[in-house]
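Some notes on the structure that comes next.
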Amino acid sequence: MDQFRNIGLIGRLGSGRVVDTLKRLKRFLLDTGHTVILEDAVADLLPGHQQQVCSRKMMGEICDLVIVVGGDGSLLGAARALCRYNIPVLGVNRGGLGFLTDIPPDELEQKVGDVLAGQYMVETRFLLDAFVRRGEEQLGTSEALNDVLLHPGKSARMIEFELYVDGQFVYSQKSDGLIVATPTGSTAYALSAGGPIMHPKLDAVVLVPMFPHTLSSRPIVVDGNSELKIIISKQSGIYPQVSCDGQVHISCAPGDSITIRKKPQKLRLLHPLDHNFYAICRSKLGWSSRLTDQ
């Protein structure tokens, strides 16, 4: 029995390459007897019959598998919406690095066909919940698969804040902000800020300061089940922002608090059987490159 009978397709808008790949993928799935369900945002790009259209939320309720065509950013957005439905997600790379969307377009039919035939591995990736509060009032909340970032927004001034882990005071700091990254996000913005690369199977979170006004501040890795609390100093002269995966933004004010903890639901990410985290790092980050004589 085909475990992936109803397959949802999500794609990055505004890219001709993504549209071409979606058309190929849709044709392949229909030819192999699957029901194709398109996200309403991309349905107009793929006219034709034998297809259903629904919202991303409804897709999580009725699909057996969702395939995301685009870059890692496209998959981040899909993950935040779909993780609560425990639906597996597969990524086809039509973006940049492709740490999450690891199926190359030139192997589309072969790799997707293998997955549909049961030849795949499952990775569970945890997400973070972020809550911004002003006293007892909750100003906003969002999930993040990569990272939760406290940053100055449009201001060029530093933020003053205090950091607590499981209720214990860690430090007060004056900096451009703080990156709270999952293992998935450790190869994203946190890496650029000097954070360590964490294997996706680790149950940990890394806290990476951004340009701290001190010579001794370093990234800290804490248990993945820790509850983090950031309190923006009332003396802080700016109104910073909290950004989740660089896609959802919540404005803050001096005195506001940000609470970050692991989300109960996890993302089920599918990979072909030849998926290898270290091989991806070598390819995407340029490891093992030879120095050549000029």
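Just so it is clear, glycine is given a Cβ too, placed from its N, Cα and C backbone atoms.
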Of Gln3, Gln247, Gln265, residue recorded by TrEMBL at the NAD(+) site of Asp72, Gly73, Asn146, Asp147, Arg157, Lys174, Asp176, Thr187, Ala188, Tyr189, Ala190, Leu191, Ser192: Gln247
Taking residues Asp72, Gly73, Asn146, Asp147, Arg157, Lys174, Asp176, Thr187, Ala188, Tyr189, Ala190, Leu191, Ser192, Gln247, which bind NAD(+) in the record, the widest Cα spacing (Å, whole number): 31
